[in-house]
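Take a look at the structure set out below.
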Amino acid sequence: MGLTVSALFSRIFGKKQMRILMVGLDAAGKTTILYKLKLGEIVTTIPTIGFNVETVEYKNICFTVWDVGGQDKIRPLWRHYFQNTQGLIFVVDSNDRERVQESADELQKMLQEDELRDAVLLVFANKQDMPNAMPVSELTDKLGLQHLRSRTWYVQATCATQGTGLYDGLDWLSHELSKR
């Protein structure tokens, strides 16, 4: 009985807990995004060899965000973070046209993973402040997202250094996850 009352109170008054995995190729801006959300400021980053994990509270939701390094040698380790992931944030450098196919390939590999079958997908089309950045429509096409039939997904234009679009993406993510 006590557990039931406790669960009821946490549903009414408590923060909802969500496990989010944030991945993408190296230098896409994952760590910058994480700490912009957590601290509200830009921090100096170095390539992530392993992971950063932080809790980000936003609109009565407690996001546990796992930022996993994106260098090609450590991408096989991504699968160790898949379990219990409710939301997948895939960060793409919109300005890096030479590597967009590599991003698409990595994303498609992840979406085939059984442990991620129920995770909603939020793509952050990052670095939109750059003059050659691909717009959302072009990036959506190059990532092949329009072919995803059995998954909820959304692409949000972002600029991590300015914070533009980050909270819009979290709004979408929290809305989708709250429906589950």
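For all residues, glycine too, the Cβ spot is worked out from N, Cα and C.
Taken straight from Swiss-Prot:
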BINDING   24-31, 67-71, 126-129  GTP binding site
LIPID     Gly2  N-myristoyl glycine
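Feature map: Swiss-Prot annotations on the structure.
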residue: Gly24; record: GTP binding site; DSSP (3 states): strand
residue: Lys30; record: GTP binding site; DSSP (3 states): helix
residue: Val68; record: GTP binding site; DSSP (3 states): strand
residue: Gln128; record: GTP binding site; DSSP (3 states): coil
Review point. Far apart in sequence but close in space: which same-chain residues, 6 or more away, have a Cβ under 8 Å from Ala27 (GTP binding site)?
Key: Pro47, Gly70, Asp93, Asp96
Study note, to complete from the structure: Its Cβ having more other Cβ atoms within 10 Å than any other among the binding-site residues Gln71, Gln128, the winner is Gln128
Review point. Around Gly24 (GTP binding site), how many other C-beta atoms are within 10 angstroms of its C-beta?
Key: 23
Exercise for review: Taking the Cβ of Val68 (GTP binding site) as the centre, count every other Cβ atom within 10 Å, in any protein chain shown.
Suggested key: 20
